[in-house]
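Undergrad: Not my notes, these are from TrEMBL:
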{"type": "TRANSMEM", "residues": "12-33", "note": "transmembrane segment"}
{"type": "TRANSMEM", "residues": "78-98", "note": "transmembrane segment"}
{"type": "TRANSMEM", "residues": "105-124", "note": "transmembrane segment"}
{"type": "TRANSMEM", "residues": "130-151", "note": "transmembrane segment"}
{"type": "TRANSMEM", "residues": "163-186", "note": "transmembrane segment"}
{"type": "TRANSMEM", "residues": "198-217", "note": "transmembrane segment"}
{"type": "TRANSMEM", "residues": "253-276", "note": "transmembrane segment"}
{"type": "TRANSMEM", "residues": "296-315", "note": "transmembrane segment"}
{"type": "TRANSMEM", "residues": "327-347", "note": "transmembrane segment"}
{"type": "TRANSMEM", "residues": "353-374", "note": "transmembrane segment"}
{"type": "TRANSMEM", "residues": "386-409", "note": "transmembrane segment"}
{"type": "TRANSMEM", "residues": "421-443", "note": "transmembrane segment"}
């Protein structure tokens, strides 16, 4: 399949468009699950967790009942947390599946999880509330299967791997908007949650189509004992024994990218948790205005599709010049990511009505740079046969680091104290400057080595010419 796709450029483009649409629909939904919190009570989900506070009779026929439904919301948040956890935690195992059995196998596994997850939501009703957790867990695993298998198509675009992977990352980020659209459709009574769930379950046909037509069972590795990787003026001969997974896992670039994504992603995971109470406080507890800000925040995810190619072009900028140019592109992008995360932390500490608007603008670019940049680095800087495992290890490490969000929310005991969590994240961002310095030092070191190699080649050519003349 890989060979046939490489020989048929039109087929390759069709495959990219198909996988792009599939990723947008199915690979990042879980991050917008909070939009259903206002919809699920209407279906009586976990209604038993609500407690009656008071009951006042207005007439013989009507009565007003006041309820405390904090327990109900806690169950929704727990299901949400399970979904986020299972989105990242199995990533390393799924990556190994790709490397051993190919992306097609992983996509077929994802179809099973996808069907179970969405059918669970379609069949949910009072008395079967536990199906909500089944939905978030199974769909999260399915979404990671879609994402990791989709990234492997970038291996067929040797000159634009960074751009292709950034497009897939942007599509994944935009997927969070679908639950917000579900909320609007259900609240306007256009369609029911069950119908939408069955509709999304039917998208498994898209997954089956991409697995059959555009993905391989496994990568076709060369049987040669040595490979020569040539990049412009730099040529490196790597033996098969040296080109191992351990070698890439211990690569400084991989370690740097993982640390960046893990620590700086706390800005992305912390903001959604504290967003609504923070906005409610800033608007003077004006529910209507707070909902407008929240809608802007949810809808902003779709902008990732248009923003991510910018950073993809940045990753691919003049990469034909060699390894040093690629390292320069990575250094610039990661530096911008670091600055964007710091700016987001500082803005979210302000207590002005303009802060949420500025935060949304920074958040869209910061998150897109962080996720798109880091994943593009992996798909650009490392061999295709190891992309699955490397991405899996990276996201699993990030999952463990992201559990710190729970501790950060404990610091924010009220909207007045949200700044405490941001101050901790800001401190971590400042610590990450050490990795920025490391990246730039690697770039200057590679630049120096490239110049030395050029000088050595010139000396060898001169000596050969001298020996020929004699």
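The chain as shown is numbered from 1 upward.
The backbone N, Cα and C atoms fix where each Cβ goes, glycine too.
Caution: TrEMBL annotation is automatic and unverified by curators.
Fair warning: this is a prediction, and the values are worked out from it, not measured in the lab.
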Undergrad: Most CB pairs under 8 Å with the transmembrane segment (12-33): which of 78-98, 105-124, 253-276, 296-315, 353-374?
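TA: Looking only at 78-98, 105-124, 253-276, 296-315, 353-374, the most contacts with the transmembrane segment (12-33) come from 78-98.
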Undergrad: Find the member of 78-98, 163-186, 253-276 that has more C-beta pairs under 8 Å to the transmembrane segment (296-315) than any other listed stretch.
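TA: Comparing 78-98, 163-186, 253-276 against the transmembrane segment (296-315), the winner is 163-186.
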Undergrad: Among the recorded stretches 130-151, 163-186, 327-347, which has the greatest number of Cβ pairs closer than 8 Å to the transmembrane segment (198-217)?
TA: 130-151
Undergrad: Apart from its near flanks, which chain residues at least 6 from the ends of the transmembrane segment (253-276) lie with a Cβ under 8 angstroms of it?
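TA: Residues 31, 34, 84, 290, 294, 297, 327, 330, 334, 337-338, 341, 344-345, 348, 359, 363, 366-367, 370-371, 374, 377-378, 381-382, 390, 393-394, 397-398, 400-402, 404-405, 408-409, 412, 415, 418, 421-422, 425, 428-429, 431-432, 435, 438-439, 442 contact the transmembrane segment (253-276) from elsewhere in the chain.
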Undergrad: Between the stretches 130-151, 163-186, 327-347, 421-443, which wins on the count of C-beta pairs under 8 angstroms to the transmembrane segment (78-98)?
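TA: It is 130-151 that shares the most Cβ pairs under 8 Å with the transmembrane segment (78-98).
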Undergrad: Find the member of 130-151, 327-347, 421-443 that has more C-beta pairs under 8 Å to the transmembrane segment (163-186) than any other listed stretch.
TA: 130-151
